[in-house]
Amino acid sequence: MAATASKTPFSSSSSSSSSSYSNNTFPKLILRSTLALSPNLTRAHPLAISCSLPKPAPAAAAEAAAPAAEPFLSRFPAGEPRKGADILVEALERQGVTTVFAYPGGASMEIHQALTRSGTIRNVLPRHEQGGVFAAEGYARSSGVPGVCIATSGPGATNLVSGLADALMDSVPVVAITGQVPRRMIGTDAFQETPIVEVTRSITKHNYLVLDVDDIPRVVNEAFFVATSGRPGPVLIDIPKDVQQQLAVPNWAQPVNLPGYNHRLPKPPTPAQLEHVVRLITEAQRPVLYVGGGSLNSSPELRRFVDLTGIPVASTLMGLGAFPLSHPLSLQMLGMHGTVYANYAVDNSDLLLAFGVRFDDRVTGKLEAFASRAKIVHIDIDSAEIGKNKPAHVSICADLKVALEGINTILEDKGVKGKIDLGAWREELHVQKQKFPLGYKSFEDAISPQYAIEVLDELTNGDAIVSTGVGQHQMWAAQFYKYKRPRQWLTSGGLGAMGFGLPAAMGAAVANPAAVVVDIDGDGSFIMNVQELATIRVENLPVKILLLNNQHLGMVVQWEDRFYKSNRAHTYLGDPAKESEIFPNMLKFADACGIPAARVTKKEELRAAIQRMLDTPGPYLLDVIVPHQEHVLPMIPSNGSFKDVITEGDGRTRY
């Protein structure tokens, strides 16, 4: 097969249509023995029927493959053969790619050589491939544009695994390109050979092994189309080194022809479905919106919907910013560490409007107790999420933006604005807000981590792009920074990958050069990708690092306090021989990379220190020493329900 592909969204007919070889010659799942011994792999251009043959393309595919308004000007004369690596780079240019995060190696050298010949693509060189893929995610999450990362074969490719899994779980469009050993060596346990297509099969939306240089334009087109259409996600393209070195004249007119995939893309909702939703809204007395990451592209429509109906809004961790958290109708975040009033609203609602969500366990807790009194309307772009965890009374598989546009039109036509009386319900929730506000206790002159985030929110006017690692600092950043808009909040939600914050901020700073970008991080997460300080310095990216340093794996410590009688099981990250000292000294990491840094230990010094960080041009690290005894509250224990919510206590309490 000229370009083998794997992943369930594609039908067998679409993935095999590029080849006339029988499955006996090139099986869909490449076997080590058959591939290594196949003589056809030595041909420069295998005799294969290509997808470039004229075939009617679906409307969506044709639109995706349509040329830009201005003709693309290639640096190569028409008809001039060029290397596969140059074809790849030009294919990226034709997709509008201006930045890649690429780390070179033996199997990807040709691609890097081709990148040096590009006049439009900038390579931001990460210091670790995981940093590169997380940076590509930060770029994509903050801009909505696919992020691109490149790595070599073997360990370079496997270093992308966490980022690909993260992008899949959080629906982030990423295109990852890996070099591979030459075709004749695949399956021979060659140096730095790893079957990365097989390794990543279940953590990518789709992936390709390119075995014919002529397939590169089509594969790149398809990869970007798949990554960005339907529910976004990561796509991997694996290209053997000899394919990168082959000379060919590219055919840029090859259409995206994925009939199986296009058939699975959601259709517009029917008027009857939307009318049913509107009827349930007008009949409800205690409705609540439960909005997730699938609502980020529908923020204007969501705001209009709330304006028309007056329904309160609870956001998931991934949905923060889709609706402004300072709005009177915002209940902020729901779930394990959500506000009491958000979880109260869901528990007592009679209609739950679940928009762009997947009923994640960290939101629902005990499934049978979640929204047990409510009728549930579930709208999501991914049919696999409909009914997967929680059955709904009304299920609509559709693009939420399109669905909300239709619902808003019906509501406007009916003139419902101001006529849905939810005053008593909103007052009931207001009482809960007053009774259970987000708060924290003081530690004398020590700095409460929540206070540090509140000061940052105030000094940035809530306008910064914020990334985080994973742990307590992540939850406090979700609770105490008041996000105003989508793509302002970057965090590893589903996978919970420590080390995400710094490289994600790096990618966000590249995509948004005029924005204030702050990595709110913990010492445990920060050190996992601390090498990216070098990239930030060399590229002079103005990433500000607010490091909440408690010398512990804080969230694990919190669980040890609550459920293991405070028995410490390898959660102290300092030097046991010198517990009175801060270890490691994060300021020296910054100094080694030429980045200004400071440490603050007292509450009265914090505001000036944060202001100095924000005022300093370029990158800056502020090491904020915080007590490890603090807990993230509220907390609903795993598999618990609203009645189990914990609102008091910290590490100074015995359990």
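From the backbone N, Cα and C atoms, a Cβ is placed for every residue, glycine too.
Residues annotated as compositional bias 'Polar residues' in TrEMBL: 1-10. Feature annotation from TrEMBL assigns compositional bias 'Low complexity' to 11-22. The domain 'Thiamine pyrophosphate enzyme N-terminal TPP-binding' annotation in TrEMBL covers 83-193. The domain 'Thiamine pyrophosphate enzyme central' feature in TrEMBL is assigned to 274-405. If you look up TrEMBL, you'll see 469-624 marked as domain 'Thiamine pyrophosphate enzyme TPP-binding'. Per TrEMBL, the feature region 'Disordered' maps to 1-23.
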On the 0 to 100 scale, where does the mean pLDDT of the domain 'Thiamine pyrophosphate enzyme N-terminal TPP-binding' (83-193) fall? 98
DSSP on the domain 'Thiamine pyrophosphate enzyme central' (274-405): how many residues come out helix, how many strand, how many coil? 52 helix, 27 strand, 53 coil
With DSSP, how much of the domain 'Thiamine pyrophosphate enzyme N-terminal TPP-binding' (83-193) is helix, how much strand and how much coil, in residues? 50 helix, 19 strand, 42 coil
